[in-house]
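Participant: Dropping a structure here in structure tokens format, bear with me for questions.
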């Protein structure tokens with residue numbers, strides 16, 4: 001709402017300039033207070049990183065996380081890119097209403113960003129990712145059919161759960177799957193390929209589809225991305241330490 005008010009009062013150029021300030025502030029805090037950790041031991045000189053990196057392509061979880069990244073970023077980037085125009089042009093909402101709804105997405109981002117990973121520690125990465133991917137698929141559907149801005153805002157807070165899932169397939173599951181020596185490579189591959197497909201290719205295709213079939217089609221494409229993420233998540237191997245420990249204890253109890 002603040003940026004919308006600034007844009008209406010002074011123009012979008014000034015609003016975009018103001019939007020740079022939080023990023024610059026964060027960059028300053030990182031430069032000022034974040035310190036590089038000293039290595040605890042010298043790296044081994046006889047390591048063979050190339051072989052480890054090629055082995056990433058054989059890891060089931062890493063390949064699946066890369067595919068999930070592609071389709072889930074499709075869900076996310078399309079929503080963020082097209083929702084403001086969709087709300088104003090298709091749903092006929094005013095600019096202040098649109099700004100409030102977009103703020104609801106931001107609030108949901110903060111809430112689900114720590115709720116989803118916390119739940120995954122208790123019930124497992126795979127079921128959590130499946131569940132909240134399905135919930136995220138409801139977000140573009142709500143944009144299509146919610147009867148009023150107020151109800152839509154509440155639905156956005158309840159269904160914009162995908163950003164909490166991002167933590168799981170972009171960092172947590174890969175970190176629990178691969179050795180530490182190739183962790184950065186695995187994370188880079190998952191994020192890089194996902195950004196290329198979900199952040200560039202998919203929105204471009206969605207834009208062409210919107211020109212041909214109307215802006216509503218992009219919401220169905222976004223929904224499809226989240227549904228594909230849920231389907232792919234079913235194939236993941238569980239990695240949550242707490243869940244694996246409970247399973248091991250149950251297996252020992254049954255054998256005893």
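Each residue, glycine too, has its Cβ placed from N, Cα and C.
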Participant: Among the residue ranges 217-236, 237-256, I'd like the one that TrEMBL describes as transmembrane segment.
Facilitator: 217-236
Participant: Have the transmembrane segment (95-116) and the transmembrane segment (151-170) got at least three CB pairs under 8 Å, pairs 6 or more apart in sequence?
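Facilitator: Contact confirmed: at least 3 Cβ pairs fall under 8 Å.
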